[in-house]
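If you check TrEMBL, you get these features:
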type     : residues : note
DOMAIN   : 24-215   : domain 'G-protein coupled receptors family 1 profile'
TRANSMEM : 12-35    : transmembrane segment
TRANSMEM : 42-63    : transmembrane segment
TRANSMEM : 83-103   : transmembrane segment
TRANSMEM : 124-144  : transmembrane segment
TRANSMEM : 176-197  : transmembrane segment
TRANSMEM : 218-242  : transmembrane segment
TRANSMEM : 248-272  : transmembrane segment
Amino acid sequence: MAITFEQYIIAISTTLVCTFGLAFNGIALFLLFRLSDLRNAFGYMCTSHIITNFGVIFCFLFWGVPMTLTQSELSAGNIGKAVAGISILFWEVSIYSHVFVALNRFVAINMPLKYMSVFGKRTAFTFITASWILAIAHVLPFFVDGCGIHYTIDSYLWLYDSSPCSQWIAKWMDFYLSWFWMVFIGFFDIINVIKIVSIWRGLSTVTVTGQRKRRETIFFAQAFSQNILFAVGNYCFHSAIFWVSDTIAIYMLTTFFWGAIHGLDGLILILFNVGMHRKKIVANLNTLFKNNNVQHPWESIPPPQSPQTLGTTFDSVNVMTFNISSNSLN
């Protein structure tokens, strides 16, 4: 069977968005392991979230693209439903990750003195484990006969089956539950924004407290941007069919945008944290040059002293020498 032009467009588009997504999330994962500021509860939850991005992208790239080009009936079989269920698993973990990150930012911004006691490593890993357990419970019905989701080779969408079980999950556990968590996250985000605005004006970024508050605000801005991205993606996935009727247009607003979300999610983490990595590189270079007694080119050269200053220094030295000589003579 010859591959149509439409199939080429879909396959190339998915491959491109997945390739960029792998690159962005790879860099983001590198920063998460590299930056000491992210070796905390927030960073650990972001790491779990980045892993889910990889999971969704792998499902799109190594299953969606081959099924698009081959038009294989495996897509609607048990293997296809299992792959689609795994992609939903990663999506649900990312949703719960956003929920727990929202709680993390709320405590960090509104209760900073209690943050370390509330969000230690044990709490972080408890939340991470809970997000995966809840997501697994969400997708377990997909592995039961008569209930599932698969990638459609004619419309290039990840769609629920027409069975009553699948439609119930699509309506209540996917659409309504996802929007419940989006509203939940938005509630805490609004409280955080109000708090940040109230304290930011009178806060100096020179002090240690100011620098810590600035860092927490940057982390919140990162999480807030990712929340907006996922909310828009969730809306498009469930309502795009009511906007357009063209196959490629629906694909762009659902499958393509879904893959793009997980790629842009990594890019957002990079944009908000690459500055800290750059500062770390500069600090390491400063230490290296200092240990080797080498003056690096960006080090400021002290300005030349004026003749008056030189004269004063010289006279002071002469006076000191004279006093020492007089004492020795006595």
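Count begins at 1; order follows the chain as displayed.
Using N, Cα and C of the backbone, Cβ positions are placed for all residues, glycine too.
Unlike curated records, TrEMBL annotations are generated automatically.
In terms of C-beta pairs under 8 Å, the stretch of 42-63, 83-103, 176-197, 218-242, 248-272 lying closest in packing to the transmembrane segment (12-35) is 248-272. The transmembrane segment (176-197) shares the most Cβ pairs under 8 Å with 218-242, out of the stretches 42-63, 218-242, 248-272. Counting Cβ pairs under 8 Å to the transmembrane segment (248-272), the top-ranked stretch among 42-63, 83-103, 218-242 is 218-242.
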